[in-house]
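Colleague: What TrEMBL lists as transmembrane segment is 6-27, 97-121, 141-159, 171-189, 267-287, 328-356, 362-382, 402-423.
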Amino acid sequence: YAIYILSFSIYLVFLGLIYLIFLYADIRQYFKKVDKKHAYLNGKDDNSMKDSGIACRTTEGNLHLSIPLPAKLAEDPLPHHYCFVTGRHSGSFYLKVGAAGFCFGHLIHSGLMLGYQIVYLTSEGEEFYNCASIPTLVLDILYPIYSFLQLFFIFKYSNVIINRCKELARFSMMHCIASSICFWMWTIMRETLDSLSSYAYSKEGDDSSGYSESDMLSNAVALPLTRNQHIAAQNLIQCMNNVSFWIENRCKPPDALLLLTTQFSPYLYPFTIEYSILVVGILFIIWQNIGKCKKAHNGHAECPANAASETHNSLVIHADCQSANKGLFAGIIVLVGSVVSIIIFFIAMLGCGQYIEVGLTVNAVSELILLLLMTVAVILAYRKLTQLDVNQHPVSLLDDLLLFICIPAFFLYGIFSIVPAVLKHNVVSIFITILQSIVI
């Protein structure tokens, strides 16, 4: 089934890529028409104005200038194919910044995956026939290009209202949304299989659980599902290899590339997952606004006098940080402390095993301190917000959409985390999970 899945993935990426290119080119072409018409209306074509102008003097002595416009211009006004939402309805700038950050990590990870296929294609002998895949190479090239074009489009035209080829726009936007959801699920499955593969074949043929009896009685972290977890992981991978052929024991890149991907992939997969979710939310808002340009009395969409400038300056951000100095520098201190604790955690976990318990303790205490600070900040923020005026017409559909998508998964994760913590009497883990739920 792998070739069918790859073909379907290439179809999703290619069709979305073609439409985004078409939409961007069409918007730019429309801008040129708008600029040309406004240049004519604003008197930039001086020669035609002078030739067609008729001047006469009234009885009061005032000079009356009459400039007849071409009949074609009066009878056939420029259709308003694209409008742009302004103000609070134009989307969150900070959401776009978050999407850009997650896309950055996603592109790095895509480059690593592309490196895999390049190594396989340049290899010789049996490894080339067993591991090299042209469809996978095509997908690994098209997908980051598609993701980057998505980011560019939502950054530049996330507030666009499409008023042309509305049926095609609705279908194509929904296709892009469905594609992002598919790649979101595909990334989760690929991350799981990568973790199982590296774990199952780390000690190939080892039937032991890898944990001592004292470890299983004292720790509630990373306990195996079965006593023979290596064999269980291998069996699960063999079962899932029918739909995922890129993870097999026989396909191993050089040690340098393997070490790089195994060390960084677990931290890069979440970038792809989060980016896909954010793109879904932003594209959904664009899809919802299709065809909602206001109509004028002549049947054409309203075009304000400054429409030409609005098309080029559709994003204006004002930020006043004068009253946020204390919070800003307090956040910097917390960030530095978090980075230090993360470094200590990794150093302890990469040791020979004698500092693992110290690393886990540092990680738990750091997370607990962060959650306590967040809880206090939430309480203070709520107290301040209750003293402000209430907006009777909030624009929060995108925020609500992302919140309701992520909240159920977060609470499921909390439940799955608190159960082993209760069984192992880990008070710190229990307190952390409860605090996370309260903050959210």
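Each residue, glycine too, has its Cβ placed from N, Cα and C.
Describe each of these features in terms of where it is and what it packs against.
Modeller: Long-range neighbours of the transmembrane segment (328-356) within the same chain, counting only residues 6 or more positions beyond its ends whose Cβ lies under 8 Å from a Cβ of the stretch, are 321, 362-363, 366, 369-370, 373.
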Colleague: Would you confirm whether the transmembrane segment (171-189) and the transmembrane segment (6-27) meet the contact rule of 3 or more C-beta pairs below 8 angstroms, pairs 6 or more apart in sequence?
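Modeller: Yes, the stretches contact each other.
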Colleague: If we skip the immediate neighbours and take only residues 6+ beyond the ends of the transmembrane segment (6-27), which ones have a Cβ under 8 Å from one of its Cβ atoms?
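Modeller: Answer is 81-82, 133, 135-136, 138-139, 142-143, 145-146, 149-150, 153, 157, 160, 162, 164, 169, 172, 175-176, 178-179, 182-183, 186.
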